[in-house]
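Feature list (source: TrEMBL):
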{"type": "COMPBIAS", "residues": "158-173", "note": "compositional bias 'Basic and acidic residues'"}
{"type": "COMPBIAS", "residues": "299-310", "note": "compositional bias 'Basic and acidic residues'"}
{"type": "COMPBIAS", "residues": "319-338", "note": "compositional bias 'Polar residues'"}
{"type": "COMPBIAS", "residues": "567-578", "note": "compositional bias 'Basic and acidic residues'"}
{"type": "DOMAIN", "residues": "50-88", "note": "domain 'RING-type'"}
{"type": "DOMAIN", "residues": "215-287", "note": "domain 'PDZ'"}
{"type": "DOMAIN", "residues": "342-425", "note": "domain 'PDZ'"}
{"type": "DOMAIN", "residues": "471-556", "note": "domain 'PDZ'"}
{"type": "DOMAIN", "residues": "605-691", "note": "domain 'PDZ'"}
{"type": "REGION", "residues": "151-204", "note": "region 'Disordered'"}
{"type": "REGION", "residues": "299-338", "note": "region 'Disordered'"}
{"type": "REGION", "residues": "425-444", "note": "region 'Disordered'"}
{"type": "REGION", "residues": "455-476", "note": "region 'Disordered'"}
{"type": "REGION", "residues": "558-578", "note": "region 'Disordered'"}
Amino acid sequence: MATTEAKVAGSSSAAGLSWARVCKECGQQHEGSDCHLYEYQDEVDDELVCHICLQPLLRPMDTPCGHTYCFHCLSNFLKEQDFCPVDRQRLQLHQCRPSSLLVRNLLDKLTVMCPHSTECQLKMQRCELQPHLHNRCPVFRRLREEAEKRKRPSWNELKGRKSDGESSADAKHSATLSQNPTRDQPEPGLINPAYEESEDDNTPLRSSLVAEANVVELFREEPEEELGLRIVGGKDTPLGNIVIQEIVRDSLAARDGRLAPGDHILEVNDVSLASVPHSRAIAVLRQPSVLRLTVMQEKGFKTRDPRSDHLPSSGPAPTASQPSHSPHGNANSNHNPGSVLQVTLVKSQRSEPLGIKLIRKSDESGVFILDLLSGGLAAKDGKLRNNDKVLAINGHDLRHGTPESAAQIIQASEVRVNFVVMRPAEPQEEGGGSREGHSRAARRVPEPQYFRRRSTYIKDPPGGFSSQEKTVSMKKEPRLSLGITIAGGRDCRSRLPVYITSVQPVGCLHRDGTIQRGDVLLSINGVDLTQLTYNEAVSVLKAQTAQSQVALRVIQTLSENPDEDSEANKDDMDTMEDPRDDALNWTPLWTRWLGLPSPMHWCRDIVLQKTNNESWGFSIVGGYEESHGQQPFFIKTIVPGTPAHFDGRLKCGDEIVAVNGATTVGMNNSSLIPMLKLQKNKVTLTVVSWPGSLV
């Protein structure tokens, strides 16, 4: 048996602690690259101790030669060496696998003491320490409150576009320490309706907008495993930064749970993404094995309402503090998707079941309540309902979680289990809520004409992006195939035009060489293909291909950045040569859509509603600039706990083409900011949305 010494440096007293330096997971002060520190109360079996750090294992990894180490310790060791630390057999990190669930459960059940023992002497299982810190520890709460009182930098200081010469380390330093005196003026083109407050608003509920730089390590068990991120942005786009648009359900990133849509990726394995084009960032993110991501994460607005102190406002789930954003308890019910509720269940003993059945849905990410068991604790409490969407449990963000992860959090909880749930809006007969509810229903069961809404807003693509039409006319045998596979269609999730996913070597188009993967179909033999569903396009192509004369018109998007085209072509070639590739699942990079002319765009209206004192909850980049000319307006950030966040339809990278029916073409910041601020309770945004590049 090994006796594990409690590490008390900086933890024996709250004196000298600061919110910026304390670890938000273990509560101790240590460097971000160091392992977490815990004060273990009992002797720990040698089999559960890492042979590198000589501490109980954290995220244990098994080697092929039968040894177990902390993931962090082993990955750092293998950066310098290529052998097992114990028997010196050849070893690479991708050969290692996470330890069994039994071992991880034994480690999670080790007894630890709160690191702030001078004021909090509670003992608990190791897996319960983080929820304890964020929900119950008085020292941790006081540090958080003190940090919130200090003046924080403006949004533009945190999110302004970095110049080419600025290092990402400086960017992280300025965001983390909230000190950046050199940026007094906002970057041209960056506006912030999420944070701007009306001058006549004498009772603002928000005190500051908080963003933190965090490090997230992801380990692929298989080198070809997808991270499950959709990425937008890049130096060659108006967004500038690399931003996560979406987390794919059941993916590696979704299971990990620490990344979220809207996170800005600053570095990958110490490679800065501050000044790289989109395609280069995708190549860096597709590195095999371990990825160490430095990300800027929004934590939402902090409120001045002292009644919100009991909420886990600094926990991993920013949604947990949402109910305090409104001065009225039911204000959230005005948001289109439904109302956000906070429910606390108190168990008579720690092992008592809650009586809740959780499921996932095929058409929406997240965890939902299927049923409440009769006689169970939740059913007796009566506040949770069937079909409630679970946003967070005990401060853990579950917006993209799974029923399995939710069950583990509940099992590891103490007697109090705090739920944050979203309840679907009740049907309304009149008013904006009824209209919006109908709109959401229409998205699930779309009518045919819903797919065919052409853009009526004529505008130019972003600077550096364009397109060219190509036409191929040929005579062929009626039975000879064109040799292409297609995807998209106006009935797909992103309402994409039909595009080519592969050009087969056996077809007649391959021999011609003009048509390439990623080209968007315009027409065949004069029949328009731009607004068809997938099945309609397939039927038209089959009918026209049966003729002896075929004239095919396509459009190809172009980028003025040579790195973009070369990286994209290399990606296409690599994917074509991979026999495991499924051509039907291939999608172009996000930047390939930007060059399409506006008649090819599919527009949608998104209606947001709020109370007078709330912000809309998104920031925008773009508009007219002397240095860049006219640029479209893009959504750059969506702030947690705001109407835009809870509505769920706006995404980072979406282009705003109109506000309340008025086109944004030709507008600059000074025109669009007042327009958005004047909309006190309701605004209609007309947007164009393209799917981010899949990593």
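Each position is counted from 1, following the chain as shown.
Glycine is no exception: its Cβ is also placed from the backbone N, Cα and C atoms.
The predicted model assigns the domain 'PDZ' (215-287) a mean pLDDT of 88.
By the Cβ criterion (distance under 8 Å, sequence gap of 6 or more), the domain 'PDZ' (605-691) is not counted as touching the domain 'RING-type' (50-88), fewer than 3 such pairs being found. For the domain 'RING-type' (50-88), the list of distant contacts is 2, 4, 35-36, 38, 40, 44, 95-99, 103-104, 107, 110, 126, 217, 219, 290: same-chain residues at least six beyond its ends, Cβ to Cβ under 8 Å. Here the domain 'PDZ' (215-287) is broken down by DSSP into helix, strand and coil counts: 13 helix, 23 strand, 37 coil. Helix, strand and coil residue tallies for the domain 'RING-type' (50-88), in that order: 10 helix, 8 strand, 21 coil [DSSP].
Each residue in the region 'Disordered' (455-476) gets a DSSP state, and the totals come to 0 helix, 11 strand, 11 coil. In the domain 'PDZ' (605-691), the DSSP tally of helix, strand and coil residues is 15 helix, 37 strand, 35 coil.
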